[in-house]
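Comments concern the structure below.
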Amino acid sequence: MSLLVWGATLISGFIIVFALMPSLIRYFRARKEGQMIREEGPKWHEKKSGTPTMGGLLFIIAILVTTLWVGGWQHQLQPTTWILMFILVLYGALGFWDDSIKLWRKQNEGLKAWQKLLGQVIGAVILTLVYQHEHLPMALRIPGLGVWSLGIWYMLFAIIWLVGFSNAVNLTDGLDGLVAGQATIAFGAYAVIAYAQNQYNVMLFCLAVVGSLLGFFVYNHKPAKIFMGDMGSLALGGALAAVSILLHHELSLLLIGIIFVIETASVILQVASFKLTGKRIFLMSPIHHHFEMKGWSEWKIDIVFWSIGLVAAVISVATII
């Protein structure tokens, strides 16, 4: 596949988001609809209250449009392409519902935890059923141990993987530009892996995500003019997990998505420590807030986290290809 196709995919996603995002921002500002900031969050985040959210709506549309037209042009609209777009839309719709409730109620509480979990599980179950129908391998590739056939247990693993990483990306989305940058690195890494495996349809999807997120980053870096919302973070997390599954390099996501893993682990450790000992390990979790409390700027945290994520992604890609 030529560099022309790579470039067309990246540029298409970028231009759609870059050109249309100002209109979406103006729409939300005109309606005075913006993100409500959690009271228990860092006090200096209160100035972000009212910033338009649900920017994920536009980059999801850009990803879909780009994947469809480039995939159609290159005859790469295969079943796995539709699976990826389905997960992106379903998890995005769940986040849209959550964000809409927050905007309507003018508070930072949307769907109840069980409602969000139910939606995530339903989406994951549908993915596993389609996966099984396509006779894709129900096996897990474990570095150093080879490929392990899990049979029906692979479906349970896939469900946990999708739900876990969609929530992990959602937890990480607490600083301007952090998730947009890290997700760009992760999807870029999987684009390279997909290319090496001749899975060009998955590669095109990943490149569409990268281009769209770069367009979004123009408006999401500090100081953010718009947030991606749960709509964006849940969709990205679900799609990222689905990509790792369809490329049969599931566990590589632990390294390629190491920042999402660290952020989630910090929350789990914080809660467990407080429940067991009454003491907190971090000044605040997720861990990016801990560094904020230590006096780090958002830009410094972003750059350090992106650097860690980039190094981890390069190592992972190098060991796979």
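Sequential numbering from 1, following the chain as shown.
Glycine too: its Cβ is placed from the backbone N, Cα and C atoms.
As recorded in Swiss-Prot, the features of this protein are as follows:
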type: TRANSMEM; residues: 1-21; note: transmembrane segment
type: TRANSMEM; residues: 53-73; note: transmembrane segment
type: TRANSMEM; residues: 77-97; note: transmembrane segment
type: TRANSMEM; residues: 110-130; note: transmembrane segment
type: TRANSMEM; residues: 145-165; note: transmembrane segment
type: TRANSMEM; residues: 174-194; note: transmembrane segment
type: TRANSMEM; residues: 200-220; note: transmembrane segment
type: TRANSMEM; residues: 226-248; note: transmembrane segment
type: TRANSMEM; residues: 301-321; note: transmembrane segment
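Only residues 6 or more beyond the boundaries of the transmembrane segment (301-321), in the same chain, are considered here, and those with a CB under 8 A from a CB of the stretch are 143, 175-178, 181-182, 185-186, 188-189, 192-193, 196, 221-222, 249, 252, 255-259, 288, 291-292. Contact between the transmembrane segment (53-73) and the transmembrane segment (1-21) is supported by 3 or more Cβ pairs under 8 Å, counting only residues 6 or more apart in sequence. Contact between the transmembrane segment (145-165) and the transmembrane segment (226-248) is supported by 3 or more Cβ pairs under 8 Å, counting only residues 6 or more apart in sequence. Counting Cβ pairs closer than 8 Å and at least 6 residues apart in sequence, the transmembrane segment (174-194) and the transmembrane segment (110-130) reach fewer than three and form no contact. Contact count against the transmembrane segment (200-220) (Cβ pairs under 8 Å) is highest for 1-21, out of 1-21, 77-97, 110-130, 226-248.
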